[in-house]
Amino acid sequence: MAEQQLGVLKALDLAKTQLYHFTAIVIAGMGFFTDAYDLFCVSLVTKLLGRLYYFNPLSEKPGSLPPHVAAAVNGVALCGTLAGQLFFGWLGDKLGRKKVYGITLIMMILCSVASGLSFGDKAKGVMTTICFFRFWLGFGIGGDYPLSATIMSEYANKKTRGAFIAAVFAMQGVGILAGGFVALAVSSIFDKTFPAPSYAVDRALSTPPQADYIWRIIVMFGALPAALTYYWRMKMPETARYTALVAKNIKQATQDMSKVLQVDLEMEERAEDFIKDPRLNYCLFSKEFAKRHGLPLLGCTSTWFLLDVAFYSQNLFQKDIFSAIGWIPKAETMNGINEVYMIARAQTLIAFCSTVPGYWFTVAFIEIMGRFAIQLMGFFMMTVFMFAIAFPYDHWIKPENRIGFLVMYSLTFFFANFGPNATTFIVPAEIFPARLRSTCHGISAATGKAGAIVGAFGFLYAAQPQDKTKTEAGYPPGIGVKNSLIMLGVINFIGMLFTFLIPEPKGKSLEELSGESEVRKSLGSHNVVFSTSSC
């Protein structure tokens, strides 16, 4: 309840939506824009990397990355992200949100640029360089997850907090779109400047040497938006909740928020008693934490894990859809540059039609429906559409049913983003105490990335045909795409069940959700005095 909070925190919770809210959304959102761009842009250029560095003039098909190399190039950033979420989540509670926020941004800028560089011109050197720097790029990106969510959560008022955090997360969709647009622009320019025949016409000339610059430009471009936001990140004051409740400097928190809110706030009586109360000092691995927050943390980690298994595995049947609807012709009928363009066009259309709208539907409806209802609905609809694709799978891949296949696929993505993909990011930033908020969000996010690794690579092997003569080169037989999709439908259903462990944060203060207001109530102190009515 408002009267059970420190006055400076009450002022934040009751503040009208102001310019600083939108400034915080843009600053935190541009970080997430960069995160999404850097994580997803590599999928646009992996085919080109195969053509450039694994070209075999005797093969009837263009060169492709060997399975272990493809797994490393695509997966090393996910591994780095998982480690970064745990480390920087913990560090954000120890050193402060603002200090660590700057460190992660610098890592993202430097490693984005370095990812586009290479040692030598041989496959081994180039792939090693990409993997090394993309791991550390992922490490920096990992820190942005708990810090962006926590900062936005602690700056927002309680009336629109969910929508503000969702808006930050929605920039991920914009980042994915930007990656597609950059790839489209770069490949178009190179295709006109350096025309080349298709692979079927001339294998050696189908990928001109200048194409080596394409993937480097696309990968390195991710540093630009991150660099543009560094100055503004450093100008943001530390969040009042960290300064007051963790650093225990209420005077500084009051001064900072007086400037941000443009109102005069005064120190309240007995505030020091509240922040130093021993009942607020239990640690992460204590019985008190397990009693208060154990089940919600289990709910956050399990749902994020299950969601990412399903979400990241959906690219398994992208190639079937894109081929069925004619968006991506056979590789040998294109040159290397044109293939980048076609892949970027297909992925951008999917993002524009289903992925991005889902994010913004969450922004629009989260304060109306609540987090719990959106997550439950999202998991349910994902289950329905996954089963609807899986059981009649042979029906959907026929050319005459391609439009239905595309619609079903798009709706699965839509309800992932207007559903658990957004809410699993939002809720952990709201329900844990201030001194453990970033840590718990990092744990939840890291568990999700573990699910992403399982989804992206475990199911890559599982989805291989049961007939070993039909598997992709280098892969053992699996259970097939149809059975894999049935498994993913079951996983979505389990995610729906674990959603019942998560409380509904809508309309409540962070201190009420975390239990910190209970101590405040017992002390019965006075509130901050407002000298103006600006907020």
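Placed from the backbone N, Cα and C atoms, the Cβ positions cover glycine too.
Quick look at what TrEMBL lists:
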type: DOMAIN; residues: 24-507; note: domain 'Major facilitator superfamily (MFS) profile'
type: TRANSMEM; residues: 20-45; note: transmembrane segment
type: TRANSMEM; residues: 65-88; note: transmembrane segment
type: TRANSMEM; residues: 100-119; note: transmembrane segment
type: TRANSMEM; residues: 163-190; note: transmembrane segment
type: TRANSMEM; residues: 213-232; note: transmembrane segment
type: TRANSMEM; residues: 349-366; note: transmembrane segment
type: TRANSMEM; residues: 372-391; note: transmembrane segment
type: TRANSMEM; residues: 403-422; note: transmembrane segment
type: TRANSMEM; residues: 442-463; note: transmembrane segment
type: TRANSMEM; residues: 484-502; note: transmembrane segment
Do the transmembrane segment (100-119) and the transmembrane segment (213-232) come close, with at least three CB pairs under 8 A (pairs 6 or more apart in sequence)?
yes
Out of 65-88, 163-190, 372-391, 442-463, what stretch is closest in contact terms to the transmembrane segment (484-502), meaning most Cβ pairs under 8 angstroms?
372-391
The transmembrane segment (442-463) and the transmembrane segment (20-45): do they have three or more Cβ pairs under 8 Å, with pairs 6 or more apart in sequence?
no
Among 213-232, 349-366, 372-391, 442-463, stretch most in contact with the transmembrane segment (65-88) (C-beta, under 8 angstroms):
442-463
Going along the chain, which residues at least six beyond the ends of the transmembrane segment (349-366) come within the CB cut-off of under 8 Å?
162-163, 166-167, 169-170, 172-174, 176-177, 180, 318, 327, 374, 409-411, 413-419, 421-423, 426, 506
